[in-house]
Amino acid sequence: QIFNQHNAETPKLEQAFHRMAQMEPNLDHDVSWFLLPSYWAKMVVALISFLCFANSYDGDFVFDDSEAIINNKDLRAETPLGDLWHHDFWGSKLSSNTSHKSYRPLTVLTFRINYVFAGGFYPVGFHVINIILHCIISVLMVDVFSILLGGLQFSHKGRRLNLAPKSSLLAALLFAVHPVHTECVAGIVGRADLLCALFFLLSFLGYCKAFRENKEGHTFSVFWVLMSVILGAIAMLCKEQGITILGLNAVFDALVINKINLLELIRKLLYKDKSLENSGLLRKGLLFRITLLMCGGASILYIRWRIMGTGPPAFTEVDNPASFADSLFVRAINYNYYYSLNAWLLLCPWWLCFDWSMGCIPLIKSVSDWRIIALAALWFCLIGLICQALCSEDSHKRRILTLGLGFLIIPFLPASNLFFRVGFVIAERVIYLPSIGYCILFTYGFSVLSKQAKKKKILAVAVLGILLINVVRCALRSSQWRSEEQLFRSALSVCPLNAKVHYNVGKNLADKGNQSAAIKYYREAVRLNPKYVHAMNNLGNILKERNELHEAEELLSLAVQIQPDFAAAWMNLGIVQNSLRRFEEAEQSYWTAIKHRKKYPDCYYNLGRLYADLNRHIDALNAWRNATVLKPEHSLAWNNMIILLDNTGNLAQAEAVGREALELIPNDHSLMFSLANVLGKSQKYKESEALFLKAIKANPNAASYHGNLAVLYHRWGNLDLAKKHYEVSLKLDPMAPGTKENYNLLRRKLEQLQKKGG
C-alpha cells in the first residue's frame, strides 16, 4: 500500500520539478511553435527526415562511391578484416605516399557488411542504411537540442527534464530538413559523416548522463565521462571530425554544469583575483573532468598519428588552390572567404554542387575584389555574436549563444585549413555537424523575434514556410544524386568554371557511348584548366578511337610532360605511337608506364600486342603471361596467348593455356571459342563441339562462333549440321570472311553427293 502511494505521488513531484525548472529564463516562453509530447515530437522529426531523402533509396553508385565502394578491395570477402585497420578510406595502405590518410575503418566495415548482406554491389541497401542513419540522428537531435536550449536538469528519479520542448522540436526539424545534408544522405560515401555524427551525439548524451545523480553539483559519474571519451574515439574512427566532441563536452561542462561566466573568468585570470581560488572549479570537479577529456583526446590523437605512419597527405594545387598561394595575405583572405561561403550554404542552401574545386571559386588576390564584402559580413556577424555571448548580462542568452557558436565552429576546425591543408575548397558534407550550431542560433533568433513581434503567428508561418521549402529542396537535390548524369549536369549551372564538373559530364557521356558530346566537355575542361591531365588523357583516348591519332598524341604527350608519373597516359601514348607505326617509341612509352605503376596488367597486354605486331612472339607471350599473373581474369591476354600459339602451330601448348584460362574464368565464351578452335585442329572433335555449343549458348548472336562450328562439322563429316550453322552465321553476318566460300564448297559437295546417290 505504501508502495502504491509513492507511485501515485511521483507524477506530482516530477511536475513540481518541471515547474521549478521553468521558472528560469526559457526559450519556449517566447517561441510561438507546436508543443508535442516527446514521443510524438520524435515521430514527427523521424517521418519528415525520412520524407526528405526517401527518393534517393534506389539511386546508383555516384561520384566518389566508385572509388570508396566498388573499387575498394577492403569490401571483398577475400580481404582479411585486419587490413581495414591498416588501410585508408579508399583501400590504400596508410603508409603509402599516395594515401589520403583518411582513416575511417568503422565506416568501411559497415560498407563491407552491406556488401556481404546484399550479395554484391547493389546500391539500394547502402542507400537505405544512410537514410535510416539520418533519421536516427535527427531523432537524437530532439534530446540534444532540449539540453542545449533548455539546460540540463533531472527529476528526483534521475529522469532528464525537457525544458524546451517547442524550441528543441523546431531546431531538430531545421536540422532534419536542411538541404546541405543531401550529400551525406544521398551520397553513399556520406556514411562516414552520418556515423561520425551518430557517435558524436551519443558521446555528448553520455557526458550529460555523468551528472544524472548530481544532487548538489558535487558528484558525477567517472564511468560516463570515460564512456563519452570512448564514443568520441569511435566517432573519430568513422570520420576525423568526431574528435571535436571532446572539446565541446568541455565547453558544455563549463557553461551549463558549472555556469561559468567566461568574461568574468578572463577578468579574474588577468587580474589574478584571489576569489578564483575559492571558485567552484575544483569543488565541482571541472578540472578533473577536463583533464580526463584532454588525456583521452591526446591518447586518441597519438594512436591515430602512429597508425598514419607518415606525414600528411600530398594534395595538388587544383584540390585547394588557396593553400598553395605564396602570400600569407592571399591564403588568409581566401580561407576566410571559404568560411563565408560555408556560412552562406547554411543560410541559403539553394546552390549546391558535388565539387567546388578546380576554378569553381577563383582566388581573391587583392582587397579591391568585391567579394571582400562577404568576409566583412561574416566577421561582423561573428564578432557581434561573440560580444553578446561574452558580455550579455542575461546568463541564459550567454549560454545559448556560446553553445551555438561552439557547435558551429569547433566541429568545422578540422576542415578550416588552420592546422593542416585539406583536399577541398568547400565540401558540403563537412557542414553536417556544424549545422547543429546554426540550428541553435536560428532557433534563438526566432525566439527573440517572437518576443518582439506583435503578430507571432505570421512569424511562425514564415518559419514553417522555410521548413517546407527545405523539404522540397531536399527532395529535388536527392533526385539529382540518384544518377551521375543528373548530379554532374546539376553542377554546370552552379559551378560553370569548374573543370572537374565538365570532365565528369564528359566521362559520363563517354561511358554511354556518346563520344561526340564527350569531346566537347573534355575540351572545355582542358580550356578551363590547361594542366588537367586526366581530361587530356580521356580526350586523347577518344581521339585515338576515332583515328585522330596526331591530336591524340599531342594531348597525351602534354599530359606526361605535366605529370611525368602518369602511368595511364604513358600507356595510351604507347597505343597511339603503335598505331602510327612508331614501334620503338611505343615500346619505350609502355615500359615508362610500367616503371611508374609496377602492377599494370593492361599495359603488359598492350606491350604484348606490340611485340606480336613485330613478330617477337616469345616477348609477346611473356608480356601476356605477366598480364595474367597480375590479373588472372584478363580474358584478352589469355585469348591472345591461345591465338598466337595456335597460329604458330603450337597446338599442345595452346590447348594447355586454354584449359588453364578456362579454369580461372570458366564462363568466358571467348575463351571457350578459342580453345574449341585449337581442339578442332587437334581432331578432338567431340570436345571441340561441346565447347562451341557452350560458347554459342552464352553468346548466340556471334556469327564467327556458328561459322567455326560449321567448319568443325564440315571437317568431321557432319554435313547437315555444318550447312545449318553456315546459314545461321551468314544470316547474322552476310559479309563474314570465308564463311560464304566454305558454305558454297559445302553446297557443291552436297550436290555431288546427291547426284551420286541419285
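Cβ atoms are placed via backbone N, Cα and C, with glycine included.
Any TrEMBL annotation is an automated prediction that lacks curation.
TrEMBL assigns the feature transmembrane segment to residues 286-305, out of the candidate ranges 286-305, 326-345. Among 220-237, 286-305, 430-449, 458-476, 286-305 has the largest number of CB pairs under 8 A with the transmembrane segment (243-266). Below 8 angstroms of C-beta separation, residues 32-33, 48, 51-53, 55, 170, 173-174, 177-179, 181-182, 349-350, 446, 449-450 of the same chain, each at least six residues beyond the ends of the transmembrane segment (458-476), sit close to that stretch. Just going by CB pairs under 8 A, the stretch in 131-151, 220-237, 403-424, 430-449 that sits most against the transmembrane segment (286-305) is 220-237. Proximity of distant same-chain residues to the transmembrane segment (430-449), defined by a Cβ-Cβ separation under 8 Å and at least 6 residues beyond the stretch ends, is recorded for 27, 30-31, 141, 144-145, 148-149, 167, 170-172, 174-175, 178, 180-181, 184, 190, 193-194, 196-197, 200, 241, 244, 342, 345-347, 385, 397, 400-401, 403-409, 411-412, 414-415, 459, 463.
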